[in-house]
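Report on the following structure.
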Amino acid sequence: MADLSINFAGIKSPNPFWLASAPPTDKEYNVRRAFDAGWGGVVWKTLGLDPHVVNVNGPRYGAIYGADRRLLGLNNIELITDRPLQTNLDEIKAVKRDYPDRAMVVSLMVPCDEKSWKTILPMVEETGADGVELNFGCPHGMSERGMGSAVGQVPEYIEMVTRWVKQNTRMPCIVKLTPNITDIRKPAEAAHRGGADAVSLINTINSITSVNLDLFAPEPTIDGKGAHGGYCGPAVKPIALNMVAEIARNPVTADLPISGIGGITTWRDAAEFIALGAGSVQVCTAAMTYGFKIVEEMISGLGQWMDEKGHTNIDAITGRAVPNCSDWQNLNLNYVTKARIDQDLCISCGRCFAACEDTSHQAISMSADRTFEVIDEECVACNLCVNVCPVEGCITMEEMKPGEVDPRTGRTVEAEPADWTTHPNNPASVAAE
Amino acid sequence: MADGAPQSGISANRLEAEDYHANFADLYPPLDRHEAHVASDRCYFCYDAPCVTACPTAIDIPLFIRQIATDTPEAAARTIFSQNILGGMCARVCPTEQLCEEACVREAAEGKPVQIGRLQRYATDTLMAADVHPFTRAAATGKRVAVVGAGPAGLSAAHRLALHGHDVTILDAKPKAGGLNEYGIAAYKTPDNFAQREVDWLLQIGGISVEHERALGRDTTLEQLRNDFDAVFLGIGLSGTNALGIPGDDLENVQDAVDFIDQLRQANAKADIPIGRDVVVIGGGMTAVDAAVQSRLLGAETVTIVYRRGQDGMSASGKEQDHATHEGVHLKCNAQPVALHGDGAVREVEFEYTTQSGGQLVGTGERFRLPADQVFVAIGQTLGETGLELDGRKIAVGAGGRTTLDGVWAGGDCASGGDDLTVTAVAEGRDAAEDIHAMLSGGE
């Protein structure tokens, strides 16, 4: 089987699957269970200075569901560890001693002054941990106290604190970024300037998951009130993938290792993050939903796929999709596809028809016997029919070959690509020489 | 119950008391909220959904299922009842596997349709349990309509007419309303007196009076009704039964299956009903299955349905046939009865195998006998005398259920067209009511 081991910014791990800094990594008991289950590493739940914080005593989580109550998104208002610092340090040391081959990264969040960081870093180093992750991401609670995402939203602070950390420890330093900003490249560049060995992202997204319509209060509701929480789980994966790609594509940060986080639930999700530049991946919601055992599927699935494709190690796939992440203006406008419906697979639900007829381009016909067919003269290849079809593979996009005439536009499909930069309708276009 | 070998002949109390209770409990128990949500999540909300097309009453199934999925089963019930006021009974007795669920695209996709019938029951039960009647009667029109027969067609017609503000008088030959819902359907399909509870709930619309034990031809005439009312709707069903017409069919313990089912439904205690040790049911429809299965549930040792054609010719659905065999009923096809033997009471039925020859069903000459101390005949029902023009063996009706006689409409099993199903009767009663309403409103 393919070699799944990694060396991420100097931190070694038998596989790229780490548990993210979160409730599953809050205590020795949980982390031992995680390592026994096969996780390659953990980022221990964020430590702070004593006196330790406290948590609410009502509900901490809210959720979004798909069909059959499948958990798609989770929101939390839990803070950093609410146990004494020394308790955590002792447990970290004990676990690392017993699992020397696993990655033990410790998440940290202390106030924005160098003294605080100088205080905590040697204590962590003493545990034998492999690295630290700076929590500049948590968007709830701690941010009100000037920490977490309050730091992550100001690139100058990121750079400053990262530099303090690098000056005060030998341990590799991962900077965890908040997605609650407009351009993820700026905080990543700041971390890079400060000397970070890696970044990890995304932390959770500001969210209200639902509103209790009896109480007229946001969920989770604490005595009639609610505060925004941090959103995670499968629903945030597309946002996370884009942010990872943005950093990987940015020439300034192209060589900065990335630990990918955000809705990773299966081996395939992990492979996608890796393809977009992640050297390790972190998981939380999937473990919180299904337990630690899911890592077995992640390991077997990633290994099987790599073997089938002939990829021998993680480095061989890391960032492989990055060169194909482009800008809209560079997409080939001469690439023409048409939807095709496989009548053998079609179950005649008509969702493609309703979607196209009501909300798109009236490019699907419906016969009296419920046969649905694409009208090429109208099909703009938007892909909505593919997306709403409940049968995988029933509707596909078929590429038109050069020389064929697109019945919608009457134009012959050209073999040479052409994009918006040279399009005659683009006021800024440059005429082809 | 006696120990040892089961006694021959017919006998009550073949089982322990608790067995009757278990045997005649709800065949498909209601879905609870969790089950309903899981089931409703499977609906694809199809465009112009095939299930709706397949429903004789055209209930907006995707809409009501979405209403269940979004936790408003009361709204789902309104969606159902607006098309089918007997949606509660239909949820219990419809052969959904031949209608909506057969058409469900998930049947095509996975061989497992959305459980439309059970979801319909969840919604309708929820609203009916709250004893809410979801419709308000329009202002009284002063028009009077006679509805003959308080079965599904008549109740459906009466409700729709009353909704439009007309005064409705229902005449029914039986002591209780409901028709076949009350007298003709297996007990385990509609336990807990559901048929009567449904009638009571339906009548909450107001404007409907029911006159029991008033039969057309016996207590009144069509001519009289035409004189006394502005319109007449006939939902009289099929009151007669076909006879075997073979030697021995007058022996004791040879009985119409419909009478047996009626007796069973009306019995205070199922244990009181005498049943044979060896029972033979002749026929291939739902009535045959209902009689056969209930014979087993009453403690008959062997129950055999004998049908003269191949199994695929049985009008009972595959699901009904499976249910019968699951309950230990034997199915014997391609055999027709030629004689019943016995001394006073029936003891054996003699059959001849059949085959298809030149499009005709013919006997092969090979015969066999089955032991039988009770025989139920379920070979079809017939229309009573009405004096109306017929189409085949039923009252000829055109669009909107109009008969050829002015001012007289008909629907349900007594009328031409459509299957003999509860849901079809409801649709025909409803549509005739709309046609009557249009006429009474001066539309033509």
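In case you wondered, yes, glycine gets a Cβ from its N, Cα and C as well.
Over in TrEMBL, the protein carries these features:
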type     : residues  : note
COMPBIAS : A:404-414 : compositional bias 'Basic and acidic residues'
COMPBIAS : A:422-433 : compositional bias 'Polar residues'
DOMAIN   : A:337-369 : domain '4Fe-4S ferredoxin-type'
DOMAIN   : A:370-400 : domain '4Fe-4S ferredoxin-type'
REGION   : A:404-433 : region 'Disordered'
Per DSSP, what is the residue tally for the compositional bias 'Basic and acidic residues' (A:404-414) in helix, strand and coil?
0 helix, 2 strand, 9 coil
Mind checking how the domain '4Fe-4S ferredoxin-type' (A:370-400) divides into helix, strand and coil residues in DSSP?
5 helix, 8 strand, 18 coil
DSSP helix/strand/coil residue counts for the domain '4Fe-4S ferredoxin-type' (A:337-369):
9 helix, 8 strand, 16 coil
Average the per-residue pLDDT over the domain '4Fe-4S ferredoxin-type' (A:337-369) and send me the rounded value.
97
